[in-house]
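A short worksheet on the structure shown next.
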Amino acid sequence: MGFPKEGEKVQIHSYKHNGSIHRMWEETTILKGTQSLVIGANDRTVVTESDGRTWITREPAICYFHANYWFNVIGMLREDGVYYYCNLSSPFAYDSEALKYIDYDLDIKVYPDMTYTLLDEDEYEKHSQIMQYPPVIDTILKRNVAHLTQWIHQRKGPFAPDFVDMWYERYLMYRN
């Protein structure tokens, strides 16, 4: 597996455990790309849902993917602060087509004051039965929910003060 290069524009593809496409982001600019870490940014990019519907993101976002963790984090810059949407997912993979991951339903929404809510537990339970997630996936995801909430409390990684603002400033250099 290679990794995207800084300045490159890539698609992001989200899949479900059964291999079906879940969602695609048309264009994300890579700000940092290594074997273990990818940081990207997008603004008003087209998103295509599995049923073919499309919509456009409303605000600039910084995307954080790590090869060793079963989650990715999107920091969205809004007028009243940075909101984070964290997807419990497989670590990322990258090929010539796109940056890819498997979405495992559970999400954590983090507010500007760093309070958070775990979302979609019912969807996770339903899909784990339908798609027959193996028990090891459940164990890995629960461990990563704990790891992610620890990062939120410690303001570590993408939750560090100024992380999103710093990467957004870098993104602006590519837009001009």
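The count begins at 1 with the first shown residue.
Glycine is treated like the rest: Cβ placed from N, Cα and C.
Swiss-Prot has this to say about the protein:
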ACT_SITE  Arg23  active site, proton donor
BINDING   Asn87, Asp103, Asp107  Mg(2+) 1 binding site
BINDING   Asp105, Asp107, Asp120, Glu123  Mg(2+) 2 binding site
Closest by Cα to Asn87 (Mg(2+) 1 binding site), out of the recorded positions Arg23, Asp105, Asp120, Glu123, is Asp105
Once near-sequence residues are set aside, which residues in the chain of Asp107 (Mg(2+) 1 binding site), 6 or more away, have Cβ atoms under 8 Å from its Cβ? Tyr85, Cys86, Asn87, Leu88, Leu118, Leu119, Asp120
For the Mg(2+) 1 site (Asn87, Asp103, Asp107), what does the 8 A shell look like? I mean other same-chain residues with CB within 8 A of the CB centroid. Ser14, Phe71, Asn72, Tyr85, Cys86, Leu88, Ser89, Tyr104, Asp105, Leu106, Asp120
Relative to the mean position of the Cβ atoms of Asp105, Asp107, Asp120, Glu123, the recorded Mg(2+) 2 site, which additional same-chain residues have Cβ within 8 Å? Leu88, Tyr104, Leu106, Leu119, Glu121, Asp122, Tyr124, His127
Taking the Cβ of Asp103 (Mg(2+) 1 binding site) as centre, how many other Cβ atoms lie within 10 Å? 19
Would you find the one among the binding-site residues Asp105, Asp120, Glu123 whose Cβ has the most company, meaning other Cβ atoms within 10 Å? Asp105
Neighbour count, 10 Å Cβ-Cβ cut-off, for the residue listed as 'active site, proton donor': what number do you get? 15
